[in-house]
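**Student:** Have a look at this one.
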Amino acid sequence: MARIAPSVAAVRNAVRRALRSGVGLDAAAADGAGPSVAVAGGAGPSVVSETAAGTVSGSGLTSLPEPGSGVASLAESGPGVASQPAPGQLVLVACSGGADSLALAAATAFVAPRLGLRAGLVTVDHGLQEGSPARAAAVADWARSAGLGPVEIATVDVTGRPGGPEAAARDARYQALSAVAARTGAVAVLLGHTRDDQAETVLLALARGAGPRGLSGMPYRKGVLLRPLLDVTRAETRKACAALGLAAWEDPHNTDPAYTRSRVRADALPALIAALGPGVVANLARTASLLAADAGYLDGVAAEALGACRSGTGLSVGALAALPAAIRSRVLHAWARELGAPGAALSHRHVLALDALVTGWHGQGPASLPGGIVVGRRAGDLVPAGL
């Protein structure tokens, strides 16, 4: 028996906070879920067995205890914890088998039943690497052994999608996760992005000259997607996996210099840390959080303004021109997305082209947007071509 490792506690606490706020559990119900409990012998409320249910390594699962062997799963059966998933709302964990999502899955298996929630898992096979089907199957097998359910493998095809390979894989993954959530009735899909991932996202946004929306980084929640670990470091998730005896999969794409994010992770961010100190990661993530609050308010104002600007199949130029520039740019961005422009390819340059049809009109031709969308000005309105 061993006390809970600080890293394990940090991940569990982050998941607990996220589920309470993101799923809408009231404090009274959450507080009534009970303290951490002992397993495999019951040594008291503040200690747990950190015996792992198995290890995910390479393309297979090893060291998996047999059912009934007495080894505690990561769902940790014991006093006050149901051996089957608790009735209630379903949350899913998106897990690749890497340290971040594996630590998240283990923590969710522990926390969710104590909050009256069911916890399942979905792993996405992008088909980009040899052995990926076997690895996805290994993650699924581990999840079932850990008491998670339902467990699903989603296979996606990333070929022929707009944007680079990173954007194509990301878009395919999010579409698959949303589809699984809709089919299973899950109220949230938990993603394993950490504070380090957020810092990398902010640096990438700075490099491409993004505005406040881009510098806001990844949102804590967007639709069904929830990111509990944005205040947890990558080092903590690795320590949590080590404390639980879980051998996480190392995605070779994370160290492949062909990918921009990999170069930021391997070179740019370490250089900043060396020059400015280790606090730079937290500060970049804090910047994203501060900007996200402001951007959220402005986006809400813009959503109302978009409705007020509608005119037939387009938008009124007069109504757009009367808006503050910060709101007008958001209205135009939202409208472009509404028309079908893919978010990954829609840049500030495209929004400026739309804005020029409003504030810099001199009879110029239409603006071209990603996705083959063309917008022109006609009879005092911005209208998409063909409408």
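Just so you know, glycine gets a Cβ as well, placed from its N, Cα and C.
Straight from TrEMBL, here's the annotation block:
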{"type": "REGION", "residues": "55-80", "note": "region 'Disordered'"}
{"type": "DOMAIN", "residues": "91-266", "note": "domain 'tRNA(Ile)-lysidine/2-thiocytidine synthase N-terminal'"}
{"type": "BINDING", "residues": "Ser96, Gly97, Gly98, Ala99, Asp100, Ser101", "note": "ATP binding site"}
{"type": "DOMAIN", "residues": "315-382", "note": "domain 'tRNA(Ile)-lysidine synthase substrate-binding'"}
**Student:** Please report the number of other Cβ atoms within 10 Å of the Cβ of Ser101 (ATP binding site).
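**Tutor:** Result for Ser101 (ATP binding site): 24 other Cβ atoms within 10 Å.
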**Student:** Can you give me the residues near the recorded ATP site, meaning same chain, not Ser96, Gly97, Gly98, Ala99, Asp100, Ser101 themselves, Cβ no more than 8 Å from the center of the site's Cβ atoms?
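**Tutor:** Checked against the 8 Å cutoff, the neighbours are Cys95, Leu102, Ala103, Leu104, Gly192, Ala248, Trp249, Asp251.
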**Student:** Excluding near sequence neighbours, so keeping only residues 6 or more apart in the same chain, what lies with its CB under 8 A of Asp100 (ATP binding site)?
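**Tutor:** Listed in sequence order, they are Gly192, His193, Thr194, Asp197, Leu229, Arg234, Thr237.
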**Student:** Among the binding-site residues listed here, Gly97, Gly98, which has the most company in the form of other Cβ atoms within 10 Å of its Cβ?
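**Tutor:** Selected residue: Gly97.
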**Student:** May I ask which residues of the same chain, at least 6 positions away in sequence, place their Cβ under 8 angstroms from the Cβ of Ala99 (ATP binding site)?
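**Tutor:** For Ala99 (ATP binding site), the qualifying residues are Arg234, Thr237, Arg238, Ala240, Cys241, Ala248.
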**Student:** Summarise the domain 'tRNA(Ile)-lysidine synthase substrate-binding' (315-382) as counts of helix, strand and coil residues per DSSP.
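**Tutor:** DSSP composition of the domain 'tRNA(Ile)-lysidine synthase substrate-binding' (315-382): 32 helix, 13 strand, 23 coil.
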**Student:** Going by DSSP, is Ser101 (ATP binding site) part of a helix, a strand, or coil?
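**Tutor:** Its secondary structure by DSSP: helix.
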**Student:** What residues, ordered by sequence, lie under 8 A Cβ-to-Cβ from Ser96 (ATP binding site) and sit at least six positions away in the same chain?
**Tutor:** Thr123, Val124, Val139, Gly192, Trp249, Asp251
